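Read through the structure below, which is laid out as structure tokens, and then see the notes.
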Amino acid sequence: MYRKALIKNPSWDDDPTQNTPIAMNPTPVEELVDLLKAYNRAYRQGAPIVEDAEYDNLVEQLRQRVPDHPFLQAVEPEQFSGRQQVRHPAPMLSIEKAYDRDQLERFVARVQKEADALGIDTPTFRLTPKLDGLAGRDDGEVFATRGNGEMGYEISNAFAKGVVPIGGRGQGVGEIVVVKSYFEEHMAEFFEHPRNMVVGIVSSDTLNENAKTALDAGMVRFVPYNQLQGPTVEAKQLVAERRGLVETLLAEVDYPTDGVVVAVTDEVLKTRMGATAHHYRWQIAIKSKGDTAETTVEDIQWQVGRTGNVTPVMMVAPVSLSGATIRRVTAHHAGNIRNQGIGIGTRIEIIRSGEVIPKLEKVLEAHGEVCLPEACPSCSGPLTWQNDFLKCTNPACRAQIEQRISHWFRILGNADWFGIKTIGRIVESGHRSLEAVYRLTEADFLEMAFGPVQSKNLAEAITLSRTRLVEDWRFLAAFGISDLGTGDSRKLLAHFSIEEVLSLEEEQIEQIKGFGKITSKSIAADLKRIGPLMAHMLDLGFNLQRTPLAAEQTAVESPIAGKGIVFTGKMVQGSREAMQAAARAMGARVQTAVSGTTDYLVCGEKVGAAKMAKATRLGVSVLTEAEYQALVNGGLP
Ligand SMILES: NC(=O)c1ccc[n+]([C@@H]2O[C@H](COP(=O)([O-])OP(=O)(O)OC[C@H]3O[C@@H](n4cnc5c(N)ncnc54)[C@H](O)[C@@H]3O)[C@@H](O)[C@H]2O)c1
Ligand SMILES: [Zn+2]
């Protein structure tokens, strides 16, 4: 049934103008959740770090991997300091999302089932724009934010500041928003998103000039959801005409929106359907996940990764998406090609959100014969299926060797010059292992026909990579053991020295929080396998910065004793130097830059997104100044 494919191993270095692939290793769940929490916190404070589409994508990722994760079971909380907390009479919940037709159809089917039980033939649905501001509830006396859904924060003085209550006071739940056209014309240069402006107005006691101008002009409003206009439709029309319905509705609204809310109209049916801890079952939001485009598959190339996964890259008819011309799209794994029958000429929908490279979203119309490689495109060795992945199991496979060496230098991160093309030539010349690469001299590079300058640089880079200080967890992660990325390497090295790691048994790994039975077993096996290589590299005298062992970190009794802390941004409560000195006195390891040994990043004002993202990626807890003070005073971060 399958024809042998014409295979090439495309190098992404071929053409630097083309989009580049994502790393194929998924982020560990714990890291993903930490990242989501940090993003959410920043977002609720009016200073988001990433695009909503990227955030939503990560939430979906988590949902697919751990559907019942606690993070998904509750409203994503917001925090306002120094405000009264107010209990809501009924919880203000989040809304379930439908990103495609299938998800909307499933919602409609669930509603129909409950409607049938009540003897309602054709339940109807009302559509309203999903306002993108700050949700609140006004009972006529007290005005409060959503908070954690159960308890909100009192913001009654927002009306005194000039927020206009549409339809008068006491209209219940709604959203504080800025008029969109006004924002775009007058405020867009001062605020990145209207929501940030709203959060600023509500949360601070002093208003800046821009906020005052907008408030004076009556452009900041509390719009109760019951004041919103929108059509009421039956299930059939909702599903069939959803695109048109959304487009028409949103074209009429002069407030920022992020989708359309669909709600069952019948009160008895709503009561019957009820709610989860996260959302009402009678409501859903139609949203789009990121920019999508349709195109045609013109060719499929196969790429071999460092662990031997042979993954498909679809060459597509050039199509414009979020401002870039897309020619290559990843299909993630060979199972996608096999199961969905993707051959040349297949029409596909692709998606790109945030910075993520485009990927296959959906097959629109399969076409052509399905071609799967019968042998490894690099070494011609046999391929085996592991779940949906096609794998080359030949450890001497050249593409794998190249990718492993590339991974080594990329993770070590202290020596440039080793791009995949350079590595390709080194491996082609017969130097097929890290040991061999570290034996190379300037003369060897000259012999491989690298130019004199490059040869000198390459030889120097090798020396530098050994002599420059590098964190031991980077060194460990650079070996590319699966399930032992930088985050987990750090954890491991907080319990064992790098020398001890060489001879760890699976039981010892399993005792560390965050390591499961199966991963501990495979990590232990892989450590044995790379043991000789690691011993060799250690003998080369790498200049390792040791991760402090957990046991050594508690000389002084204090909540931050032994913790690595970086203070960044402008501090409000005192000078940064004073805070650093105080932290040192409490036994903390005060650092100047975030690294793998950092526990907390304490942020003052104006902290760059890159810094926070890096911190979260490294598993560092990001704290506001107030949260840090709470921690020091014995509270939990
Ligand atoms: N960019 C980021 O870093 C980041 C971080 C966290 C959350 N987010 C975004 O926030 C959203 C999730 O947060 P959420 O739970 O606050 O919102 P949600 O998307 O689940 O929406 C729920 C809220 O929508 C409000 N709403 C707006 N219009 C409405 C209408 N017409 N009818 C009824 N309710 C309406 C309600 O107050 C309700 O609480 C996601 O879309 C995500 O993209 C982004
Ligand atoms: Zn191979």
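Quick reminder: no glycine exception, Cβ is built from N, Cα and C everywhere.
Automatic, uncurated: that is what TrEMBL annotation is.
Quick caveat, the model's predicted, so the values are computed rather than measured.
The region 'Disordered' feature in TrEMBL is assigned to 1-21.
TrEMBL lists Asp52, Ala53, Glu54, Tyr55, Asp56, Ser94, Ile95, Arg146, Glu175, Lys287 with the feature NAD(+) binding site. Cβ neighbour count for Glu175 (NAD(+) binding site) (all protein chains, 10 Å cutoff from its Cβ): 24. Secondary structure from DSSP puts Glu175 (NAD(+) binding site) in a beta strand.
Secondary structure at Lys130 (active site, N6-AMP-lysine intermediate), as computed by DSSP, is strand. Neighbour count (other Cβ atoms within 10 Å of the Cβ, all protein chains): 24 for Lys130 (active site, N6-AMP-lysine intermediate). Residues annotated as active site, N6-AMP-lysine intermediate in TrEMBL: Lys130.
Per TrEMBL, the feature Zn(2+) binding site maps to Cys376, Cys379, Cys392, Cys397. Counting only residues at least six positions away in the same chain, the Cβ atoms of Val304, Gly308, Val310, Pro382, Leu383, Cys392, Asn394, Cys397, Ala399 sit under 8 Å from the Cβ of Cys376 (Zn(2+) binding site). In the three-state DSSP assignment, the secondary structure recorded for Cys376 (Zn(2+) binding site) is coil.
Remark: secondary structure over the domain 'BRCT' (555-637) totals 27 helix, 18 strand, 38 coil, with classes taken from DSSP. Taken from TrEMBL, the feature domain 'BRCT' covers 555-637.
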Same chain, 6+ residues apart, C-beta under 8 Å of the C-beta of Cys379 (Zn(2+) binding site), given in sequence order: Cys392, Asn394, Ala396, Cys397, Arg398, Ala399
In three-state DSSP terms, the structure that Glu54 (NAD(+) binding site) belongs to: helix
Annotated binding-site residues Glu54, Cys376, Cys379, Cys397, filtered by Cβ under 6 Å to ligand 2: Cys376, Cys379, Cys397
Where Cys397 (Zn(2+) binding site) sits in the secondary structure, as DSSP reduces it to three classes: coil
Cβ neighbour count within 10 Å of Ile95 (NAD(+) binding site): 17
Local Cβ density at Asp56 (NAD(+) binding site) - other Cβ atoms counted within 10 Å: 20
Three-class DSSP secondary structure - Ile95 (NAD(+) binding site): strand
Most Cβ neighbours inside 10 Å, all chains, among the binding-site residues Asp52, Glu54: Asp52
Neighbour-count leader, CB within 10 A, binding-site residues: Cys392, Cys397: Cys392
